[in-house]
Amino acid sequence: MPEMGVFLLAAQAMAAPGELLNLSLNATAVLPEGAVLLAMIATLLVDLAGEKVAARWVPPICYGGLGTALVLLALQWNAPVESSFLGAFLADNLAVAFRAVIALSTLLSLLISWRYAEQSGTPVGEFAAILLAATLGAMLLCGATDLVSVFISLETLSVASYLLSGYMKRDARSSEAALKYLLVGSAAAAVFLYGSSLLYGLSGSTSLEAIGVALQTSTTPVAALSLVFVLATVAFKIAAVPFHQWTPDVYEGSPTPVVAFLSVGSKAAGFALALRILVGCFGAFDGQWKLLFTVLAVLSMTLGNVVALAQTSMKRMLAYSSIGQAGFVMIGMVCGTEDGFAAMVLYMAAYLFMNLGAFACIILFSIRTGSDRISDYAGLYQKDPLITLGLSLCLLSLGGIPPMLGFFGKIYLFFAGWADHQYLLVVVGLITSVVSIYYYISVIKMMVVKEPQEASDIVKAYPDVSWSVMGMQPLRVALIGCVAVTAVGGILSNPLFQWANTAVTSSPLLQEAIAQSTQRGLG
């Protein structure tokens with residue numbers, strides 16, 4: 001990248017020697033990522049001391065690193081916008097919001113994973129370090145403003161995700177999931193690289209801002225081809241139809257805590273990438289990529305929720321559910337308005353709690369029974385009221401039942417879509433929401449309505465509920481926390497929407513895109 005070298009030489013000439021490092025790196029913008037990186041290194045060092053030492057010290061190290069990252073992100077909120085790595089990373093409020101969702105999803109995923117790792121014989125040090133590496137890549141991806149930083153962040157997240165998917169070495173399903181994820185992910189990376197090379201050839205720069213300016217006057221077939229390649233990569237990352245084929249198999253075969261992270265953290269990073277690159281670079285192709293996203297959203301909402309009806313595995317059901325949920329979030333992208341983008345950010349925050357709450361219940365049931373079949377949940381309320389209540393509330397929220405947090409998240413998305421005349425998306429969203437309520441309530445009915453004699457054999461042999469075993473207390477904290485936010489968060493939806501709206505209104509990228517879209521509409 002010759003232009004970056006020229007820029008660096010110019011910076012060296014203008015800056016005093018003591019100012020050069022700050023000008024080149026500006027570490028304050030990436031301090032949250034630095035906290036995660038230090039926690040990852042400390043975890044690896046502690047792991048060298050042995051499994052017993054790691055089991056004792058890895059959890060507090062992870063809590064400290066992620067907690068510090070969240071505090072630093074809170075301090076960056078509404079602070080002056082700073083860039084880092086010669087402008088390749090931007091720490092605006094939009095990036096802060098998505099990075100906070102990812103860091104919190106990792107923290108909750110770790111809380112629900114310790115007992116699972118202990119019971120399955122998984123080395124906690126390596127597992128936590130790889131998960132922190134995936135978190136680091138996802139957080140950097142949220143603020144990446146250069147094709148090089150986008151690709152490096154994307155690959156950091158992807159490679160760590162492949163390792164996590166296949167971490168259960170003795171489980172054939174886990175190895176199969178990792179292989180499928182690796183093959184499809186490698187193809188997606190190659191497609192993105194080809195699209196990036198076309199963008200670089202058209203603009204002569206790797207900066208997303210410079211590419212966006214160049215494409216304003218270069219709406220050629222080659223530019224349209226690069227849009228297709230980039231959009232395919234984004235669709236793969238958010239598991240949108242028809243780029244979803246990897247999702248059910250990977251979700252079913254991977255360790256459940258890994259699935260919990262992939263369903264939220266990886267998806268949030270994918271939507272952050274979509275905002276940065278589609279909205280930032282392809283403003284001249286606004287109508288084209290929105291049309292493609294409309295098709296993807298309709299297909300995702302329809303196929304994801306309809307196919308989920310036939311699933312017998314809880315993890316596969318939530319895999320198809322996550323495909324449908326991605327379709328709902330895409331409504332906000334297609335709108336391209338302040339309300340649409342804000343509803344998108346809000347729904348990702350809501351999805352964090354209701355989905356991870358559901359996975360916490362699934363992990364707890366799996367730890368106690370070793371089963372993932374939906375039919376084995378029959379009559380569960382008799383033996384474990386906490387799992388029954390928690391899973392019921394989280395599933396109702398995912399279905400959009402009032403007054404749960406998920407209901408208000410969907411309402412904001414549908415209102416934004418209707419105001420922007422996206423009637424097809426709103427109607428399809430409403431219909432598929434009803435479909436999703438059916439399979440969510442089917443699980444709840446099975447847990448609650450069954451008579452004692454109709455309980456599954458698994459539930460009849462259900463072990464005594466004990467929270468004193470190692471790793472169970474963090475799991476209970478995560479479960480109760482997620483369920484509480486899911487149940488009570490609907491009351492606080494207005495402050496949450498204001499938080500999401502601030503992330504959008506203070507983003508120069510989104511405000512410029514909204515202004516250009518409005519101008520084209522008036523023209």
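Note: Cβ is positioned from N, Cα and C throughout, glycine not excepted.
Under 8 Å from some Cβ of the transmembrane segment (29-49) lie the Cβ atoms of residues 57-58, 61-62, 64-66, 68-70, 72-73, 76, 82-85, 89-91, 99, 103, 123, 125-126, 128-129, 132-133, 135-136, 139-140, 143, all in the same chain and six or more residues away from its ends. The transmembrane segment annotation in Swiss-Prot covers 29-49 (among others).
Distant neighbours of the transmembrane segment (57-77): 29, 31-33, 35-36, 38-40, 42-43, 46-47, 91, 93, 96, 99-100, 103-104, 106-107, 110, 114, 124-125, 128, 132, 135, 139, 474; these residues of the same chain sit at least 6 beyond its ends, with a Cβ under 8 Å from one of its Cβ atoms. The annotation transmembrane segment is assigned in Swiss-Prot to 57-77 (among others) on the grounds of sequence analysis.
The transmembrane segment annotation in Swiss-Prot covers 124-144 (among others).
The transmembrane segment annotation in Swiss-Prot covers 147-167 (among others).
The transmembrane segment annotation in Swiss-Prot covers 223-243 (among others).
Taken from Swiss-Prot, the feature transmembrane segment applies to 255-275 (among others). Sequence-distant neighbours of the transmembrane segment (255-275) (same chain, 6+ residues past either end, Cβ-Cβ under 8 Å): 94-95, 98, 101-102, 105-106, 108-110, 112-113, 116-117, 120, 122, 131, 134-135, 137-139, 141-142, 144, 150, 154, 157, 161, 164-165, 167-168, 174, 234, 237-239, 315, 318-319, 322, 326, 329, 333, 341, 344, 348, 351-352, 355-356, 359-360, 362-363, 366, 509-510.
Residues 228, 231, 235, 240-242, 244, 278, 317, 320-328, 330-331, 333-334, 374, 422, 424-425, 428-429, 432-433, 435-436, 438-439 of the same chain, all 6+ positions outside the transmembrane segment (291-311), place their C-beta atoms under 8 angstroms from a C-beta of that stretch. Per Swiss-Prot, the feature transmembrane segment maps to 291-311 (among others).
The transmembrane segment feature in Swiss-Prot is assigned to 317-337 (among others).
According to Swiss-Prot, the feature transmembrane segment maps to 345-365 (among others).
Residues annotated as transmembrane segment in Swiss-Prot: 389-409 (among others).
If you look up Swiss-Prot, you'll see 424-444 (among others) marked as transmembrane segment, on the strength of sequence analysis.
Residues or ranges marked as transmembrane segment in Swiss-Prot (evidence: sequence analysis): 477-497 (among others).
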Contact between the transmembrane segment (317-337) and the transmembrane segment (424-444) is defined here as three or more C-beta pairs under 8 Å separated by at least 6 residues; is that satisfied?
yes
The transmembrane segment (345-365): which same-chain residues, six or more beyond its ends, come within Cβ distance under 8 Å?
94, 97-98, 101, 104-105, 108-109, 112-113, 115-116, 256-257, 259-260, 263-264, 267-268, 271, 314-315, 318, 322, 325, 328-329, 332, 371-372, 377, 380, 384, 387, 390-391, 393-395, 397-398, 404-406, 408-410, 412-413, 475, 478-479, 481-483, 485-486, 489, 493, 496-497, 499-500, 503-504
